[in-house]
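**Q** Quick one: the structure is below, questions incoming.
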């Protein structure tokens, strides 16, 4: 049995690869959805990713996910530049936001899917610290302009829920794979 991660995310690769031997084949799909609800939207995108890769690897188990940061009802995507990153982080400063990940596993023609939601509270971020963080470039290619596992960990006052969800792949996905008979590596 082979697990294919339908993602180019190094964070998802690291989480899943910690437990299982995997192959990576990024899904080439538009990360957009006409669905309005954030939870349903992340699930819809994850499902599209999984289905697009499953046709190329019959018999393999496919894992796909889509993570979004939601603040005051708005989705914060990946910033296009430093100024967008700065605006996002200023908005999150001192506030609570949600990180939502939709995931989809395709195994033997069966679809297992779900949505994980984690609340994150940021401390107040001063201008000097914000500018230092922007200069690191860590905000690039990250929803909400931060990676909790990196330098941005100093922004976090608390989280309620699954830490790995905030990184990009809920640990529940690992549990689901073990239920399907995959054994974690040693």
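Using the three backbone atoms N, Cα and C, a Cβ is placed for every residue, glycine included.
Pulled these from Swiss-Prot:
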ACT_SITE  66  active site, proton acceptor
SITE      11  site 'Important for substrate specificity'
SITE      67  site 'Important for substrate specificity'
SITE      149  site 'Important for substrate specificity'
**Q** Of 11, 66, 67, which is closest to residue 149 (site 'Important for substrate specificity') if I measure between C-alpha atoms? They're all recorded positions.
**A** 11
**Q** So if I draw a 10 Å sphere around the Cβ of residue 11 (site 'Important for substrate specificity'), how many other Cβ atoms end up inside it?
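**A** For residue 11 (site 'Important for substrate specificity'), the 10 Å Cβ neighbour count is 20.
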**Q** Roughly how many Å separate the Cα of residue 11 (site 'Important for substrate specificity') from that of residue 66 (active site, proton acceptor), to the nearest whole number?
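**A** Counting only the Cα atoms, the answer is 12 Å.
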**Q** Test of understanding: give the count of other CB atoms lying within 10 angstroms of the CB of residue 67 (site 'Important for substrate specificity').
**A** 27
**Q** Might you list, by sequence position, any residue in that chain lying six or more from residue 66 (active site, proton acceptor) with a Cβ less than 8 Å away from its Cβ?
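**A** Within the chain, residue 66 (active site, proton acceptor) has Cβ neighbours under 8 Å at 31, 42, 43, 45, 46, 49, 101, 102.
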**Q** Which number gives the other C-beta atoms within 10 angstroms of the C-beta of residue 149 (site 'Important for substrate specificity'), all protein chains shown included?
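**A** Around the Cβ of residue 149 (site 'Important for substrate specificity'), 16 other Cβ atoms lie within 10 Å.
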**Q** Through the lens of DSSP with three states only, how would you label residue 149 (site 'Important for substrate specificity')?
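**A** In three-state terms, residue 149 (site 'Important for substrate specificity') counts as coil.
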**Q** Check residue 11 (site 'Important for substrate specificity') against DSSP and tell me helix, strand or coil, would you?
**A** helix
**Q** If you run the three-state DSSP split on residue 66 (active site, proton acceptor), which class comes out?
**A** strand
